[in-house]
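Since the structure comes first, as structure tokens, the remarks are kept for the end.
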């Protein structure tokens, strides 16, 4: 294989032996080859621009306006687009498969592909549906709301397949879900495609970001430059901007009780009487920074319970009391928290935390266990689908159930996966870098009466020769890394310890395919010898209308 593996649908360049890192406003690389599915023939439509037919070997220029056809979806939901008659790939945010559009070339990336800004749709995309949220095209949280859900999961499945073949170097024939011995299984859809998030974080801002509008002038399609107006806002950040907020009155991703809270806060906070002001990220003045709303369940009644967390620049509880008084009239609200963050950064985690109303945490049930969730706890944001995901992990782990096996839970977070396995294991050892998460894991173990789980704080990217000496050799390893995947040091250790089974849980199929390649096929230049066989990969859609995909992968020792 070449030094760089480029995937047609990943939107990412994977360097051999180097972790892939993604940046907010910078896409590292993209594929320059055609996707598996053939693009539909574009319907004839008059173009605003009538660009000249491209020559063989077409290469765009920055600032050039072009007519494109979108053929597939890439990493982060960007459309993989091409000019008619050309194989050159242009990534375009907001473009969906089958769509013909006008776009302006913004950036050229290493000569292999380009990025373009969508200006106007000429022919709508395939599988089009009406997005229920009027802000869907602008907030960036639901990039594919206007794409039928069946088409969304089909494209996600194709992305995973493509990455396993092109980056993981696995046999393409065994990636066909219809084959009896197929490694890649059908994608598991989400039963509830709206109202599935148990946590939403909104930001206060001093400038309101307006919806995009298009205008035509002198035969050229242009984007309005003025999208920012005076006026306070509470909502979601405009895509690519840390300082611009799109005002949101309701969000179709969060629970209905959470929407009630948002509506009451919107009605109250702009009233000049209390003197509430949003934080200005440039001038570093103002009071209100973020509003976080979490939804859990009462373990006795099963009814929703809501935590509201105000993140402020200083501690002035009297200023928040009008908000507290109004939102606590909503019966589902059982907790109001104030996190105080005096730093100039944009984080929602405070240096100090105060309980203004009710209890300091809420509860949730997952795989028969009870979990306490504080304002800053990590917890799977789609509870119902997390239950499905964890059942797949349990099935893949294949515990005997006789209490004889050691489970090592890497990147364990608050211990949710390890604790669900502890009932059938001899002992679970969990490792996580975030100290607060480890503290929550220990609390959750105690809350559920689980005594055969040990949680250790440590950085798995910085392990040394002593790692592994403090616990017995594991029979099963669960690895659930964040988006950059596993560090080479950890991969080397896994290949040395040779646990009979590894269950790799991934939120980034690009780095997942890379790591699976190392574990199964090795890496000659790093003197790695792969010793595992990939038995199954199950894609799971945790977040409908977004480009995110989870995968549960089972590896067995040769």
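Every residue, even glycine, has its Cβ placed from backbone N, Cα and C.
Remember, it's a predicted structure, so these values are computed and weren't measured experimentally.
Feature list (source: TrEMBL):
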type     : residues           : note
DOMAIN   : 59-118             : domain 'TRAM'
BINDING  : 380, 411, 432, 480 : S-adenosyl-L-methionine binding site
ACT_SITE : 507                : active site, nucleophile
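Known features from TrEMBL, placed on the structure.
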residue: 380; record: S-adenosyl-L-methionine binding site; CB count, 10 Å: 22
residue: 411; record: S-adenosyl-L-methionine binding site; CB count, 10 Å: 20
residue: 432; record: S-adenosyl-L-methionine binding site; CB count, 10 Å: 26
residue: 480; record: S-adenosyl-L-methionine binding site; CB count, 10 Å: 21
residue: 507; record: active site, nucleophile; CB count, 10 Å: 17
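Annotation: 480 are the binding-site residues among 380, 411, 432, 480 whose CA atoms are within 10 angstroms of the CA of the residue listed as 'active site, nucleophile'. Those residues of the chain, other than 380, 411, 432, 480, with a C-beta within 8 angstroms of the mean position of the S-adenosyl-L-methionine site C-beta atoms are 378, 409, 412, 413, 414, 416, 417, 481, 505. Across all of the domain 'TRAM' (59-118), the predicted model scores a mean pLDDT of 90.
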